[in-house]
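Please read the structure below before turning to the comments.
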Amino acid sequence: MELDKTAPKSHLRLDWVYGYRGHQCRSNLQYTATREVAYFVAGVGIVYNVRDHKQRFYFGHDDDIISLAMHPEQILIATGQVGKAPFICVWDSYTMKTVSILKDGHTHGIGSIAFARDGQRLASVGTDPQATVCIWDWKKGKIIATTRGHTDRVLDIQFNPNKENELVTCGVKHIKFWTLSGNSLTSKKGVFGKVGEIQTMLCLAFGPEDITYSGSMSGDIYVWKGNNLARVVQNAHKGAVYSMDTADEGYASAGKDGCVCLWDSDFKPITSIDLADTPTGYQGLCIRSVCWRGEKILIGTQDSEVIEVSVRERDKPRCLIQGHAEGELWALAVHPKKPIFATASDDHTLRLWNMVDNELLSRTSLDHPIRSCALNEDGTQIAAGMNDGSFIVLKTKDLSEVIQIKDRKEVIHEMKYSPDGHFLAVASNDNFVDIYAVAQRYKKVGVCSGSSSFITHIDWSEDSKYLQTNSGAAERLFYKMPAGKRITSRDEIEAIHWYSWTGVLGQEVNGIWEKYTDTNDINATDAYFGGEVIVTGDDFGCVKMFKFPSLKRGAKFRKYLGHSAHVTNVRFSYNKQHVISVGGADHAIFQWKFIPEGAPLEGDDQQEAESGEHVDSNSEESDSDVSDVGELDSDVENEKQVQYDRAVYKEDASKLKTAIKEEMEPGEKRNKAPDEGLKLEFVHGYRGYDCRNNLFYTQSGEIVYHVAAVGIVYSRDHHRQRFYLDHTDDILCLAIHPIKDIIATGQVGRDPPVHVWDAETLKCLSVLKGQHQRGICAVDFSGDGKKLASVGLDDNHTIVVWDWRKGEKLATTRGHKDKIFVIKWNPYDLNKLVSVGVKHIKFWTQAGGGFTANRGTFGTVGKLDSMMCITFGKTEDVCYTGGANGEVYIWQGVTLLKTVKAHEGPCFAMHALDKGFVTGGKDGIIGLWDEQFERCLKTYAVKRATLAPGTRGLLVEDSPAIRAVVLGHGHILVGTRNGEILEVDKSGPMNILVQGHKEGELWGLATHPIKNYCATVSDDKTLRVWDITREHRMVNCKLMKKPGRCCCFSPDGKVIAVGLNDGSFVVVNSDTLEDIVAFHHRKEEISDIRFAPDPGKYLAVASHDNFVDIYNVLSSKRVGVCKGASSYITHIDWDSRGKLLVVNSGAKNEQLFFEAPRGKRQALRSAEMEKINWASWTGVFGHTVTGIWPPKSDVTDVNATSLSYDRRLLATGDDFGFVKVFEYPVKGKFAKFKKYVGHSAHVTNVRWSAQDKCLVSTGGADTAVMVWAHPAAGDRMVTRGESDDSDTDSEEDGGYDSDVTREKDMDYDAKTYANPIRETTGVKPHLQEQKEEIDKPTVSRNAPETVKVQRSDLSQMSTNSKRKKISEISDLSLEFIYGYRGFDCRNNLHYLNDGADIVYHAAGAGVVMNLATGNQSFYLEHTDDIICLTVNQHPKYKNFIASGQIGASPAVHIWDAVSKQTVTVLQGHTKGVCSVDFSCTGKHLVSVGIDAEHTICVWRWQEATKVASCPGHTERIFRAEFRPDSDGHFVTVGVKHVKFWSVAGGELIGKKGILTNAGSGADVQRMQTMLSIAFGANNLTYTGAMSGDVYVWKDNTLLRLVNKAHNGPVFTMFTTLRDGLIVTGGKEKVGKESGAVKLWDQEMKRCRSFQLDSGAQVDVVKSVCRTKGKILVGTRDSEIYEHAEKTGAVQVLVRGHSEGELWGLATHPTMARFATASYDGTVRIWDIVNKMMVQKLAIGAAHCVDFSSDGEMVAVGLKTGEFMLLTVTGLTLWGKKRDRNKTITDIRFSPDSKYIAVGSEDNCVDLYDLSQGPSLNRAGYCKGIPSFVIQMDFSADGKHLRVSSGSYVHQVFEVPSGNPVSDEAKISKITWATWTSVLGNEVLGIWPRNADNADVNCAHLAHTGNALVTGDDFGLVKLFQFPCTEKFAAHKKYYGHSAHVTNVRFTFDDRYLLSTGGDDCCIFVWKCQ
């Protein structure tokens, strides 16, 4: 028999699944709307109709399903699975069709899912370690938000049905309450408090009014109000509560105790049902899922039963479904006479099932896990083998025991009764088979030994005389029965007829093994001899069916999925109508219907065959010698093999830029770039050899195609080309939009993009990337043009569908394991696609974020073939594909209707017309067909004879393979594999439009010495001569015998010499290309060949044999050989006298000189070499060209150079695909250049043509010949900026400004939270050991003593008795902030409501201030310093503010200035966000990060989706602003940077500003550091520079300068949208003429300046804003002013300290005033009531301040160690002293103002006597302080001083002597006047848990003595009760300061609390309540 490897014709259909997944899943059982039961088993979703007793199956998953959720409308179901990349399917429970696939959100598995109440969104939580939570827009398959859920397992997730956008998760020891705002999820932990234990929560339900119920591990149900635990329903269950369900009538809960409890809607118990007591129940019943709908309750148990209880008859539960419980299931046996089968598993049970009614007949429990079973010949007895080596025999009818025997120690794997019923064979893990005699009470009568491993399978012969075994070592042995003697004789064995075949070894089953597998992944087989099939079960969850016998490995099969992990056993039923398969880990039993070959398909089966759920493998998965597929055509085979991996990609070039900086020595200059440049004029070439259908007409009749990395739009009428040059590597595919002239092209790359561009303007509309690898081989627009599909070259050939305008990925799927050639949308159905490729055609339907697929069914009409092309006709369900065998296949739906022979060899291209079709094939023939594809109306053969006279170019060969064909404009457009594009007239004549080299590397290039001609020679074995004048055509072509690598013209241009790759060379006539002479002296390829200059007497020929041969041209003899090169020769050049040769070799920097003609080696020094006049220069070594090498240039090689004839420019070609132009000579390192893109990978050669008119370049692999025009000096402007990213920007810094530098170098890492603001030593207080106080009196009658601190009775103090007395402070509210962040921010101050309010930021607070009342209100949701803020100017989003902060994962918050509510939060930056700006419609937001790449992001902020992001610049970017008329164009400015950006789909495209002479005559050579942006009409942009000039740009080219708009840097500009006037602010010295603020007209030609009366020497304005008649100004010194435009009057709105740490704070003893002292060098006094600064004095950096007790005097301690005493009135100096040289850290007056204590970083406290007058005599000092002083407090009587220091200890000293007091008893009696210490047992509770890297900096006890406030390094102000002696005391937290809070003080009457921020320089005023 011939070895048949085809798949069997019969097939299986899933009929029934026994069981329910009850283990490790919860709440996974639901009623559908039609009261069917939905659940899952293994990898199958099941809908069970109880009434009709039918099951429907959903097969969309490829691994175990573990979670299920029902859509609120109860028709759609969502299921989640496990796996490496698990996904969620949403499917219809009625049609069982996939509605949507949600992927790429999770890893590991999806543990829980839930729909929102409106059914629009879905939440899921993963089983990964981070417990990832995703919120999906499930219809689109798009993630709305994602975050880490918890550090431990999350077990349930639910949307709160009563609150929009809120959801809850719960799990191991936690519960979290989430709010979704925009794309960010924020969570609040559930606070258990004292109400209940912290424990694991398993399930959730919801009540009205923010009530949440959670079921716990202990059986309690917790009731939550908000996120606080309100009460506990104790012992609702006796054991874990696994499931809760919300019904109309209330709630149902169920758990481990087997009870279902029903509760009413107020959660009062109604009743409970104990299932264990009911007839169907049993002890230990455990419920995993409950669902209560009306009368019925559905219950799922741990042991895989589904039970239905009626509420009325709760004692009669009905068992709907049963299955094995958890544990592996291996044992399976089929009854020999009835439709009954037995299974047994590790759950100790043996069960008998009825196949007809699909129900359990009987079950029994045994003592051990069971691994095998067998029924005897009449089915009366059943034997079961256990894992302890024993087996038991039972009677089938009542399962009573017959006998139990234990002869072995290890598990029994397999048992079988002999066909005659006399014997039982038992196979075990210890390598033996025992034979027992049934009639003799199972006496052992034989043993089969000899296997070296455990026995896996056994089979009897028909006559019961023989047994065969399989073992784990892949042995197949034979034994004589019953004795068990082993037989080996071949003849005897071959004569045996087997009764059954269940083994996996033997030649009959060779075919079940793939070609190269090991032999243990198939667990079971069963052959049906009569049906000639065998079924197998394997470790991959597949049930497969093969033909039997199946002799040759790797046979075809049909495979069926459903089991998740391994299939352990398979058996045919007794009548062969069914197959039973059992799963190991999924312990599921599947019953399949066997449908024999030729059986009619019933209606049901018909559908299934179409839906293709059982994957038939004529299948990609079966690895076969394609015996039943036609021979692969060579072209198709080659194309399959093309590799697109690159050693180096263009994006690697950017890494070299950074390397340049590293490798330059300081002070080294780089050679400057040339002034003149190139412009691409024409490209010879078309990519046909591995692409297809990549050639189209535009609507205007231009032709669009591609070659190399260039998209080309060619005009036939003018014979001109226009270029799209934004690709960075080979373009592989091209598609045209169905309606507009929009082109999509896909390229090669590591992360290859698709570009969508406009063929008219050549502008990029969208870039789609991030989804593919290696390259993109096919693209197609959908019928409406809105979607784009692309196919990648990764191993799975991933298919991605994009919304190309937005740049969003809509859906992805794996395509096919072999190459896909074409993907095509169904033009009539926007969700359907077809892909064709190698042995492949698939029909796809998009479902959410994924696809469902059907393979094309060939049936008997045709054979599977590689499909090369596809097109649709007039109807939506018919499509046509071209095959590799030349047939056209016609499909209806997914079924093949018929085939038509169209070509000899593959049909590569086809196109549908209005009437009919056109096809093109490898045979070089174009066929025109009628509409039915029945008749071929006309054929055109592409031959030289049919070319029209006068066509441009020549056909290289007749009948080239046709790769693209399209009709339009009355012609057929044809692209060939040989790189020709032809236009065929319908009447027959053909015209060549463009052509290029065929496939193969292209290296040889020479230009004609006189005419504008060039010659090229390539590995395609052709020498071609091109006209490179305006004609642009191939003039001549010659086929060579071998591939050619170099060529050259003689000096008179009459002959061409060509070097070939076999070591020979040929000289031909340049007109006729006829051979003149040929030599073959070398073995390796000829790499360069050059004639000596005029008269051209010698010819030098260089080879890879390391020699240069010199021939005499006239005598045709070799006259010399140049020896001495150590590697192959790469370049040779003559000097102009023809006497000297310069040679480069492949060794690094090897440059040699030889004398001609003998070839004697010469040594030349650099200086001499420069003097020589070289006839040509093409070498890459030598000191005149050192600057052409990029850094680290072992990565990339420069392949060729060419020096222009005027010796001014050197052109180079390199491996990155760049053509570069340098100024010659190119000395030094890393010269600057202009670079040009177009070639894809390596540029192999460049040559200047005669008179330097143009430059020609050749590409290696891309086969393109490019002609670059080189305009004469007059037309220079044309070429600027052709090379946008050329390295021409200079490093020289344009000047210096201290303010700009400070801002540029600001280190935000140090400012982020939790870096201690001062370095401390010692152990934190809460970690110190507590000293036990001993000798306490045994009995203490009085109350426990607390520390004594003087309290003031406030009632007497307040003179005005109307104020109510404050007795206890219980809360603080923020009332006012003194400060505005100006020192490192800009443009962060705006008017709101037409100037009634202003909005700005200080510290971590957004501040809205009303100008009329001076009241402030605050937005406090940021977690760290805000450093940018902007206002949405669109009326639709009135009062919407965006603000960005610093921090590890800094967010941008969008909030409402009126309500202070967060609208949305955007996360995605790192380190910080330094600029935000809204677009003109208000819908987009651009943000800039301060990470190393200065990332720019554009957001659709309402959906909180990132539209696009990319690295912005290597240095700081200061601002990004949208053009006021645009949503897609914005400008960024920064350090030596201005860039003009546009949003193209999901990518940002930036163009650098191009500097010109700006109309001034002198070139503006250097890019300045730009600081600010404004806009004018007609695409004008103004940027303010560090020099004070304003640059004016038109598009991205410099138009003019506004010289010295300011004298210093222009920090800020504001464009008024109303009238277009521009306000600028800058740095100015104060004088009459200048103003730091100026108002300009729209052109910035006239201005008016405004003075700030700040009293400073220099004004630095950082922010300006203008509304009706008013200008708002913010300065560097944190002050905000307002100017009236008409009068120029100025008014101060806000003041604050400027940059510098702020530590000093003191409150006035009798008034609502306070003093502050800061490192900004000032001390200031403020009035709280009037919200103003009263006085200010500049005294140098100050650290502390204090008022005397009478309020007359203020003391200030400075950073220098000096301290001063000033009078409060007028701040005049009273006295000063400096006894220390380190910072004074605290300064305090004694209560009677007699002494002043001065503490410093010198670890000292000095005490001065004030009664002696301003001389300030030192009365004493305290020594022995271990570290610097932090705080000091006097006792009430002024006699003691308590000092706290940086080593966390506090000491008490006497005043004024300074002696330490150590007697604890004495200390405890002292009453203190104040308490500011953070140390001591009384305040132990203020230290937080996570204080290891952050400190509590300050504290102050309120005058009432019961409230203590602290400030810490986390930016928190905390309010504690005093004293707080317990660790981690309870407190209230107040946010607002960003990082470190340095000081806190209550005012004298405790009405206000003041706090100061270290880095944020702000003073917060809190109102006490």
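Every residue, even glycine, has its Cβ placed from backbone N, Cα and C.
According to TrEMBL, the feature domain 'EML-like first beta-propeller' maps to 54-308, 720-983, 1415-1682. The domain 'EML-like second beta-propeller' annotation in TrEMBL covers 329-593, 1002-1269, 1702-1968. Positions annotated as repeat 'WD' by TrEMBL: 331-363, 1236-1268, 1705-1736, 1777-1818, 1934-1969. Annotation comment: TrEMBL describes 601-636, 1276-1308 as region 'Disordered'. Summarising the annotation, TrEMBL assigns compositional bias 'Acidic residues' to 618-636, 1284-1296. For 1299-1308, the entry in TrEMBL reads compositional bias 'Basic and acidic residues'.
Scored on C-beta pairs under 8 angstroms, the neighbour of the repeat 'WD' (1705-1736) with the top count among 331-363, 1236-1268, 1934-1969 is 1934-1969. Each residue in the repeat 'WD' (1777-1818) gets a DSSP state, and the totals come to 0 helix, 21 strand, 21 coil.
The helix, strand and coil residue counts that DSSP assigns across the repeat 'WD' (1705-1736) are 0 helix, 20 strand, 12 coil. When averaged over the domain 'EML-like first beta-propeller' (720-983), pLDDT in the model lands at 88. Here the domain 'EML-like second beta-propeller' (1002-1269) does not lie next to the domain 'EML-like first beta-propeller' (1415-1682) in space: the count of CB pairs under 8 Å, restricted to residues six or more apart, is fewer than 3. Counting only same-chain residues 6+ beyond the ends of the repeat 'WD' (1777-1818), those with a CB under 8 A from a CB of the stretch are 1743-1750, 1753, 1755-1763, 1765, 1825-1834, 1836-1838, 1841, 1843, 1845, 1853, 1855-1856, 1858, 1873.
The stretch with the most CB contacts under 8 Å to the domain 'EML-like first beta-propeller' (54-308), chosen from 329-593, 720-983, 1415-1682, 1702-1968, is 720-983.
Taking DSSP states H, G and I as helix and E and B as strand, the repeat 'WD' (1934-1969) has 0 helix, 19 strand, 17 coil. DSSP places the residues of the repeat 'WD' (331-363) in helix, strand and coil in these numbers: 0 helix, 21 strand, 12 coil.
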